[in-house]
Amino acid sequence: MLDIEPAAPPSTLKEPWGEPPMGMLAELTHRCPLQCPYCSNPVELERVAGELDAAAWKRVFAEAVELGVLQLHLSGGEPTVRKDLEDLVGEASRLGLYTNLITSGVLLSEARLLDLKRAGLDHIQLSLQGATALTGDRIGHYKGGHAKKLELAKAIGRAGLPLTINAVVHRQNLDELEGLIDLALACDAHRIEVAHVQYYGWALANRAALMPTRAQLERATAIVDDARVRHAGRLMVDYVIPDYYAKRPKPCMGGWARTVLNVTPSGAVLPCHAAQSIKSLTFPNVQDHDLAWIWQSSEPFQRFRGTDWMPEPCRSCSFKEQDFGGCRCQAMALTGDAANTDPACEFSPFHDLLRLTAEDEAASEPPAFTYRRPLANAPAMGTPGLVGATKGMS
Amino acid sequence: MSAARTPVCEDAIVRLAPYARLKEDKIRQCMVLLAPERVLFPCPTTVMILERLDGSCTLRAVVDRMADEFEAPREVIAADTLRMLADLDRQALLDVQPVETGHARH
Ligand code: SF4
Ligand code: SF4
């Protein structure tokens, strides 16, 4: 019959490493003019001197296609700081990749946008930090940024490029969620991604300043549900919930090394952008190995792939093929052992502490942001654990 | 995209949304439908229909031609096609335009 399956491909490939990856996130640089306190980049930002050049990236794109990657997300940092971006988009498009640019938009001129379109760009994701200039500029720590973003959104419409608005939400901008959805409609975006902050790297360091209350979360969920109905067929609303208040963890990255891979500016290959927080793993680099070997055989990709690595309670749990035990980086950050069940799961012995931590932090005055910037310029900061627990307690 | 939406029907011109792309996946040896953050694996019949939606004519004409070509009952083809396309439309993967009537549209 006429089926259209979002799930697994009609697999003839039953290799020990499972399926080939479908998507690749290429972090072209960690440079960025904005300083969002929830940035998903690692706290130790990579330097420009170590960035792969265009020739190296092109080779990685070609290897990715050979391996089965269909979609390429050009990200950062801010990918448009790279002068060779048009060249990279052109090559990705020539290779047949569905090419998506994830940008803060503040550096992108209309002329350059048209060049990117000509080079074959398929889609743009533009971030908004708030619905008003006051909030947006404060959170991105970039004066005039919000206005530039709205200008760019208009130019994207004029260029006829499809647009998704990325809205990362937290206690300091959730009151503007309706406004963010209205802006997405006004910008003629076909999709908005409303994503509650996920607490790794910079976001973990800023958790107390970002954690919403349960009431804020419930209100946000109601707004999203309502918008989905009201704007059905016109605006898709994708929603990522904060798992500190959840009962079950999210299937992080669709399972470790299962559908996507991430390449850092200097060429390290990771199963997810936060994976370098697991210090016991050494991630291979595209300058030393080809992508197929990295995906199929390298130790860090095998380490948490599938379900065989799982301890209890995941091992004997019927949800293990659905959520793959949640997020390894969150388990690492909050329980001190990446092989533990994600504490977002109600069956984790750390789960109650997680909920209490969220409630505790959300109820307190928010501390000042630690803005994302290269470490030499950043104030000293610690990484918070859970209330009443110290990191490493397990 | 305009605020007033046209539902999927035989009188409309239906095609993939500008951000959705159907292509051959040489590695998995099947067709894939790519959209932002989505990869779908349509069945061969779905592919065959999508390949015919080139924006040049109404869905009615597309169904007519398929009924001719496959010597199959038109109502069966029409029902299956509409059901599949309505499903894709719910996922915002289609561009559905009313037919120009020749009158001014405002
Ligand atoms: S989250 Fe903010 S700071 Fe981080 S790369 Fe994106 S725009 Fe830059
Ligand atoms: S115990 Fe493990 S597999 Fe079961 S729901 Fe929790 S995280 Fe998922």
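Each residue, glycine too, has its Cβ placed from N, Cα and C.
Taken verbatim from TrEMBL:
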REGION    A:1-20  region 'Disordered'
DOMAIN    A:18-234  domain 'Radical SAM core'
BINDING   A:CYS32, A:CYS36, A:CYS39  [4Fe-4S] cluster binding site
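Compute the center of the Cβ atoms of A:CYS32, A:CYS36, A:CYS39, which mark the site for [4Fe-4S] cluster; besides them, the chain residues with Cβ within 8 Å of that center are A:LEU34, A:GLN35, A:TYR38, A:ASN41, A:GLY77, A:SER104, A:GLY140, A:TRP202, A:ARG372. The average pLDDT computed for the domain 'Radical SAM core' (A:18-234) is 95. A sphere of 10 angstroms centred on the C-beta of A:CYS32 ([4Fe-4S] cluster binding site) encloses 24 other C-beta atoms. Long-range Cβ neighbours of A:CYS36 ([4Fe-4S] cluster binding site) (same chain, at least 6 residues apart, Cβ-Cβ under 8 Å): A:GLN129, A:ILE139, A:GLY140, A:HIS141, A:VAL168, A:TRP202, A:TYR371, A:ARG372.
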